[in-house]
Amino acid sequence: MNRTSHPILSMVASRVGLGLLSLLIVSLVIFFSVSLLPGSYASAILGQNATPEAVAALETRLGLDQPAIWRYLSWLAAAATGDLGQSFAGRPVMAVLGPRLLNTITLASITAVIAVPLAITLGVICARFRGRFIDRFLSTSTLASISLPEFFVAYLMMMIFAVKLQWFPSMAGIRNSMDLGEQLYRMVLPILTLLLVILAHMIRNTRAAILSVMSSPYVEMARLKGESEGRVVTRQALPNAIGPIASVVALNLAYLISGVVVIEVVFVYPGVGQAMIDAVRNRDVPVIQACALIFATAYIGFNLLADIVSIVSNPRLLHPR
Amino acid sequence: MAVEPSPAVLEIRDLRIEAKSSDSWSEIVRGVSLSLRKGEVLGLVGESGAGKSTVGLAALGYLRPGARASGGSVRLLDTELLAIPEEERRRLRGTKVAYVAQSAQAAFNPVHRLMDQITMVAVDRGGLSRAEAEKRAVALFTALQLPDPQHFGARYPHQVSGGQLQRAMVAMAMICNPALIVFDEPTTALDVTTQVEVLISIRKVIEEFGVAAIYITHDLAVVAQIAHRVAVLRYGEVVEEAPIASIMDHPEHPYTQSLWAVHEMPANDPAAEGASAAALLSIERLGARFGTFEVLSDIDLRIGRGETVALVGESGSGKSTLGRVIAGLKAPSGGRALFDGAALPPKLRQRPLDLLRRIQIIYQSADTALNPRQTVRAIVGRPLALYQGLRGAAREKRLIELLRMVELDESHAERLPGQLSGGQKQRVAIARALAAGPELIICDEITSALDKVVQADVLRMMIGLKERLGVSYLFITHDIEVVRAIADRVVVMQHGRIVEQGEKDRVFAPPHEPYTERLLASVPDMAVGWLDRIIAARVA
Amino acid sequence: MDQSIDARPAPPSRLTRARRLLATAPFTARLGMVLVAIYAFVAIFAPWIAPYGEVEVVSRIPFDGWSAQHLLGTDQLGRDFLSRLIFGARNSISIALVTTMISFGLGCLLGVFSALIGGFVDQAISRFVDALMSVPDLIFILMILSIFGNSIPNLILIIAVLTSTRFFRISRAAALNVASLDFVEAARVRGESLLWISIHEVFPNVLPLILSELGMRFCFIFLSIAALSFLGVGIQPPLAEWGSMVRDNAALINMGDITPLIPAASIALLAIAVNFVVDWLLNRASGLNEEG
């Protein structure tokens, strides 16, 4: 084969391009929504001390007298190098968020490592034994559990495992001074809660993705070739359901980074979510913008990954005529 | 039946199968008995819903979800399939009895290579090593006349053509040398010119390997080329079973006779003088494209008043696109169209309501062409209100007239499409087109989803309506029999171009254009021995 | 041939059909419907059911335990917990309902409009919606609320706009899909107006999908508002809201008191009930597709 470029490369490239475009639009929205702030940005920072002179001085210092588009571009350029500016409290945003981002990522990774294989396995089991007890049990209980508010699950866990059984601490305030074992021990309840929340979603979608393929003629053909039901699900249906499964996994991973806000608050876990809530209460706009940008990047990144997985898992694209 | 020395491969006795439909079980196979010896091919003929596939699958001991066997026996070699557990039945499938599905495109898994899918059973349960299984597969590819048999298996299903894929499925069925193969309409989804090739291959391997086969089809002409014996199935019962020659020569059961309904329709007399009649539609040098791909080029076509022009071609020939261009659904990329002497605006939006009224379209599938949530009254009544402004009693009166014209009556007016049979739905669609009072009706494969008897009835009705109302038809079809029955003039299309057109008698009589020749030669005769002649002619 | 069908009695009336439909509903769906009805009743008649007023301080003891006078005790300010729970139903449900309706109207209008116009406008709107959807909702809401300040109209507007992206997506897809159906094409060839086609041909066929999407989005919005209030940036005091009731009384949990879990459970139960009904609707819709 002497082709200059495989069609799959151009498809992946165009997805990456779309992802970058999305990121660009999001950054525009994030940046310019601030200019909608009632009253000026500088008087918001200064709060009570906003004398006209102080405001003018601050505006010059922050470069607010520059045109908006110029400020946007320099903000974007700085953000690309990891510099997210100064918080209202006067510290560099990255210094505030950096360690917390690490905590959130740790929590999310541990949960993901447990949740993804478990959810896919359980989803496959549901599809394999559809209509039987195990499937009906899991389908109904996951349906119920996706309806639960996260703080309900979190407090329930706390009530049972921390207050009644006293197995784990109810507060997950980890510090660097603690050893790894201690840190993990304190993270058990948040992880358990996160698991319950995302497992349900992933199990349901894995099952649905497989079942939607199970009515294909090639699945019946496999049965007519005498293939066992287990292999029909794993060998015939599962490979064809990779695309949709990848996208639901991506969605949940993105959620793990961003949607943990409530759970971090309940367990007082020092993550980015917690930081964002504090920033929102103090209306610390640069920190909020930075959080939104980080979360959006994670979201777009995971979705992009899922898109690429589903392109690569499609034999029509992978092996063109 | 006399006891034969060679033992039966398959023995079905008084088989009864029930299917669940909204809480109650109803019998869909009612006491079918069949038997098959080594090397014998049994044709199973019947229309959609007759239970052919259900019986065919029962030969593998397989019932579709929602079906259950309520009585009788299915004996494969020495095993009673209905008496053993599913696990044992499963082991027999693929090794002792195999299946060839209607659409190979759908029945091959898109993510696995052909070779893996074909050899899987042989490696898993056929006791062959991978290398042995692949060697056998290559031998089968060669026997089935597949191109480049050594490397054919390395491809994915989407990388080979429909006809090749269908033959690959035959190879997959043969891989373990089963005693019985069930062919379920293996050529129905193919174009006629491809169908011949696949039929020849199937015939060849059946003879070469001496396998017994059940060949399921709705097409008597096809089964006449392949089967030794034929069982005719209707409403889950065998109404007639006989050697193929005797069925073809003396069908006894009235139902079997009705399968000739379209075939035996008298060829219509071409309209008095098609060519001299005033032109209703004339098209010159019309072209159309999807993106940069040219779907139609250089189309010259003329339809006279009261004339039926049949547009013939295989899938992808552009015949339906031409219909859509005339209907205004697709804008042409060039050329000129005159309707009743005035220029026909290319886009739907540019056409005045009265022009829309004069050109109507009827679709292949009435299932998708009728809104499932509207009653027949609403469906047929709408054009009356829209074009003629009829309301109340006047509309109701006209509605009933129209329903009668299409051989329905007022009792159908309250029904939803879901409460009608396939033929009735298509009649409603026809009534809706007639309600407009059109001058040209574009009929896009309107009979191809219908059973033979219904097809003949609908065609007869269409001919009657044309005579009564003086409308013109553009009849888009792939079915040569339909063309014979209804057309005044024939237009043959290939690759978006018209290869031949003219009076029906002239197009159907030699000398032909090469493509028309191939097309006509590919349509099986309703007689035994047609395929033999084709094969003989090729060898010679 | 089809004479057997002709013998069928006249089609049943709408009411009988509805009754039959209900009879086929699984247990979970019927349970869901009963629960939704109960919640609606409580929400509508809150002032008559609640033993005390919404913001009435009835006891000098905050966090008072369960008693005959105050069945679920009192909250952090000494207000009757049960009464706040009942008024909470009214506030939480009505705000979520209004938000759902606004976002439904906005999303569907824009979706159908975008699909029909097509071309550059459609591409631009779609790209923008994609971008909005690529920011996690909760984060976006937090950001906007922190900028505009958290009042109930702001809350409703922001959530409605964000949620309308989902309605935009499905209504646009539905409009594009349905437009390719033969009976819609037939209506176009007949010369029907777009409005007529939407009302008579399209809408009745997408209704079950829209209903189930409405149910799902209601749940989502309801849960989002609860989560925001729980975080202290949603509905503000003194209005009774279930999410903020959990937050205000969370301290009790560490003492082993389950009272703060009751509003949380009330949220969960309503969401479960709605989801059970939605699940049944979705199953029915897909079942219909298989038959047709």
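Cβ coordinates come from backbone N, Cα and C, glycine included.
No curator has checked TrEMBL annotations; they are predicted automatically.
The feature transmembrane segment is assigned by TrEMBL to A:12-34 (among others).
The transmembrane segment feature in TrEMBL is assigned to A:101-125 (among others).
Summarising the annotation, TrEMBL assigns domain 'ABC transmembrane type-1' to A:101-306.
TrEMBL lists A:137-163 (among others) with the feature transmembrane segment.
Annotated transmembrane segment per TrEMBL: A:183-203 (among others), in sequence order. Listed as Cβ neighbours of the transmembrane segment (A:183-203) (distance under 8 Å, sequence separation of 6 or more from its ends, same chain) are residues 106-108, 110-111, 114-116, 118-120, 122-123, 126, 138, 141-143, 145-146, 148, 150, 153-154, 157-158, 161-162, 168-174, 248-249, 251-252, 255-256, 260, 263-264, 266-267, 269.
The transmembrane segment annotation in TrEMBL covers A:245-267 (among others).
The transmembrane segment annotation in TrEMBL covers A:287-312 (among others).
Of the candidate ranges A:12-34, A:101-125, A:245-267, A:245-267 contributes the most Cβ pairs within a distance under 8 Å of the transmembrane segment (A:137-163).
Listed by sequence, the residues of this chain that lie at least six past the ends of the transmembrane segment (A:245-267) yet keep a Cβ under 8 A from its Cβ atoms are 104-105, 107-108, 111-112, 115-116, 119-120, 123, 149-151, 154-155, 158, 170-172, 189-190, 193-194, 197-198, 201-202, 205-206, 209, 273-274, 276-277, 295, 298-299, 302-303, 305-307, 309-310, 313. Proximity of distant same-chain residues to the transmembrane segment (A:287-312), defined by a Cβ-Cβ separation under 8 Å and at least 6 residues beyond the stretch ends, is recorded for 8, 11-12, 15-16, 19, 22-23, 26-27, 30-31, 34, 79, 84-85, 87-88, 93-94, 96-97, 101, 242-244, 246-247, 249-251, 253-254, 257-258, 272, 275-276, 279-280, 318. Through the fold, the transmembrane segment (A:12-34) approaches residues 41, 68, 71-72, 75-76, 79, 285, 289, 292-293, 296-297, 300-301, 303-304, 307-308, 311-312 of its own chain, all at least 6 residues removed from its boundaries and within a Cβ separation under 8 Å.
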